[in-house]
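In what follows, a structure is listed as structure tokens, so that the remarks can point back to it.
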Amino acid sequence: MVLRTVVTHAKKHPALIPLFVIIGCGGVGASLYLMRLAMFNPDVSWDKKNNPEPWNKMAPNDQYKLFSINMDYSRLKKDRPDF
Amino acid sequence: MAEDIRAKLGRYKTAPFDSRFPNQNQTRNCWQNYLDFQRCQRAMAARGADVTPCQWYFRVYKSLCPTSWVTAWDEAREEGTFPGKI
């Protein structure tokens, strides 16, 4: 419904099409990143009973961030004692 | 393994990079190491094993945590009001 409004509006004012595209990409990108954070961020725990500390399930050389610069994750080793 | 950890403790300078907490806010790093120290001590004592490896967590949280937090948590543990699961 929103898409049809946008399409008829764009036909009447074709100069506005780049605006729609850019805003659309921005909105989609923001929601995609939000879904990524909700599903894959190890700080997020949806099920506190079965998965109370998901950050402890990371291997020592897992990368937490989306873009990490100047950090060579392949060389990291586990250095905490087991118990 | 015990010799390993003793050598590591001898060479300890500061808390190493922890990939679970790569950002500037290290609060959870401090909290997690404090919890891990308490859990490690309890688990090793229950098994009757050597408690020395737990000293790693002790050194790390001492490096990271503000002293006032540590004293507050120690008191909370004694009173039984500590919020974490040990």
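The chain as shown is numbered from 1 upward.
Cβ atoms here come from the backbone N, Cα and C positions, even for glycine.
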Disulphide pairing with B:Cys30 per TrEMBL - partner from B:Cys54, B:Cys65: B:Cys65
Integer Å distance between the CA atoms belonging to B:Cys40 (disulfide bond) and B:Cys65 (disulfide bond): 18
Among B:Cys40, B:Cys54, B:Cys65 (the disulfide-bonded residues), residues with Cβ under 8 Å to chain A, listed in sequence order: B:Cys40, B:Cys54
Inter-residue C-alpha distance, B:Cys40 (disulfide bond) and B:Cys30 (disulfide bond) (nearest angstrom): 15
Neighbour tally for B:Cys40 (disulfide bond), based on other Cβ positions within 10 Å of its Cβ: 22
Count of other CB atoms lying within 10 Å of the CB belonging to B:Cys54 (disulfide bond): 22
